[in-house]
Amino acid sequence: MSEKLYPVLPEAKKNTLIDNETYLEWYEESVSDPDGFWAKHGRRIDWFKPFTKVKNTDFNGDVTIKWYEDGVTNVSYNCIDRHLKSRGDKVAIIWEGDNPYIDKKITYRELYENVCRMANVLKKHGVKKGDRVTIYLPMIPEAAYAMLACARIGAVHSVVFAGFSPEALAGRIVDCESTFVITADEGVRGGKPVALKENTDTAIDIAAKQYVMVNKVLVVRRTGGKVSWGRGRDLWYHQEVASVEPHCEPEPMNAEDPLFILYTSGSTGKPKGVLHTTGGYLVYASMTHQYVFDYHDGEIYWCTADVGWVTGHSYIVYGPLANGATTLMFEGVPNFPDQGRFWEVVDKHHVNIFYTAPTALRALMGAGDEFVTRSSRSTLRLLGSVGEPINPEAWEWYYNVVGDQKCPIVDTWWQTENGGILITPLPGATDLKPGSATRPFFGVKPVLVDNEGNVQEGVADGNLCISDSWPGQMRTVYGDHKRFIETYFSTYKGMYFSGDGCRRDEDGYYWITGRVDDVLNISGHRLGTAEIESALVSHHSVSEAAVVGYPHPIKGQGIYCYVTLMTGADAQDPDELRKELVQHVRKEIGPIATPDKIQFAPGLPKTRSGKIMRRILRKIAEDEFGALGDTSTLADPGVVDDLIENRQNKK
């Protein structure tokens, strides 16, 4: 653990929105008088009908979470219309294409017209308030238009990452019973086409077999690639928007009306539809964007995430646009045409604030400093990290090489369920420690709890819980409130359990140590082990599978699969079968779930009651089998010797 302390930089302190004194004062107010604090900050967005109630939350019993519940507003109005008078000609979105020679700037006025046209297309084809619309798009401006158009008319969007497979897309269409899909002919990533329309067609066929019928598919022409066409179902976006008005009145939405569903992996197989609502979410996304990134008007802000993840929702689209910021959307990848792409984009668009994932940083660090130092990066003022804990070595490289020791780093901890950043440094207020997310944001009350549920005070290790609500918190799992309660509120009564382990040091700083449940963090993206196991077992050669994580130099965690085969299947060439299983998992879930190691085993370590002892599998995957602990409860201890002998990760 790093003991180095980096004091607040004088330059950061000079112009900051929040210094340490203000942080301590506001934080105290936010936890001692949440109603007063959030009433004040709730007014940062515009309300059609002001709220009179602020906080109505209970983490016990049936778990109810309501913020600003009698207020009426509209997210699209707050992200666009309210800026038109003073910022109509300001650039809202800078779009940087996969090809380094293609970009586009969209002003707030142009954003208004594009969003209104798309909203009118949705209405024309029967989409109403409360309907679920699935968005399966690459990182193009139309992805933001689609989200904002749904918000404008009160439809609930479900964005599915364009790297997910047709099977994964179908599961998400079925779960929220979506009948309208927005996609593109193809996406482009790293110079290669991605067959989005083809994937969508396949997904719709799969959904139909589960009695969910998609009626309309709106197709954005991105590449002009050849696509098959469903007559009466498929619509070209460019043709549809040309025939509708560029004005659409925003639908008045109650603060607790749903805004979006975003699916995230859980420790059981089926992804959970995380439901976020309107008022509290936008207050929290816009407030965290302003204060965590110390955002000043006129700055260029770039979050490298994809809108298919929550980081893209909160910190590419909703947070920045609610604040009237200029937000950069990047279609490409960090290593195309080469590993200097990020820094060339920073120079090209004069980026001031840069927010990315440790995975990307580790990969770029490994490519050598010359890809960074050939760019000037002189406009950079602040750096951010998101998605997983950043190891101190990568932090130091980011600070020294990318930031030239002049940019504070905000190492942010939060989750899909949280809506916005929960634990983070504030650049003008917080001394930094490489690898630590430091202190809670306003209104956030972290608690460390041991496995028996005892709250740990002072310096401690434990399970990270949050003891009270904040406005950006998810409200339920879509269609399954029981699962919401069981997943987050049943382990430790009266508290939200994050699923992460954490350490608090002598300065009260928080250090996230990783997942404590059966969820992996791969390149900053969550994947449930049960999801990958289900994909493996659906292959005809596989009898049983167990999946664990292991330390990976680039991705943070790698995917290690233990597989027992059906009788007779072991006659196949093991290398060929491994390749086949890798492709099978990619097809079932998507490239993000590509297994790194597959070990064939005659059996898995199980207790006499049949429970797989994952602790043992994790140790073997980490090549640390000298400390396996008590194995006396195993039904067949001999299984372990075989696993050790044939491990795929021998150092």
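Every residue, even glycine, has its Cβ placed from backbone N, Cα and C.
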Co-listed ATP-binding residue [Swiss-Prot; alongside Gly387, Glu388, Pro389, Asp411, Thr412, Trp413, Trp414, Gln415, Thr416, Arg515, Arg526] among Asp431, Asp500, Asp505, Asp507: Asp500
Which of Arg189, Lys192, the listed binding-site residues, has fewest other Cβ atoms within 10 Å: Lys192
Neighbour-count leader, CB within 10 A, recorded positions: His539, Lys611: His539
Any further residue of that chain within 8 Å (Cβ to the Cβ centroid of Val537, His539, Val542) of the recorded Mg(2+) site: Ala535, Leu536, Ser538, His540, Ser541, Ser543, Ala545, Val563, Leu581, His584
Site extent for CoA, whole Å (max Cα pair distance, Arg189, Gly190, Gly191, Lys192, Thr311, Asn335, Ser523, Arg586): 24
Candidates Arg189, Gly191, Ser523, Lys611 (recorded positions) - the one closest to Thr412 (ATP binding site) by CA: Ser523
Thr311, Thr416 as binding-site residues, winner by CB count within 10 A: Thr311
For ATP: widest Cα to Cα gap among Gly387, Glu388, Pro389, Asp411, Thr412, Trp413, Trp414, Gln415, Thr416, Asp500, Arg515, Arg526 in Å: 18
C-beta crowding around Ser523 (CoA binding site), within 10 angstroms: 20
Proximal residue to Gly387 (ATP binding site) among binding-site residues Lys192, Asn335, Ser523 (C-alpha distance): Ser523
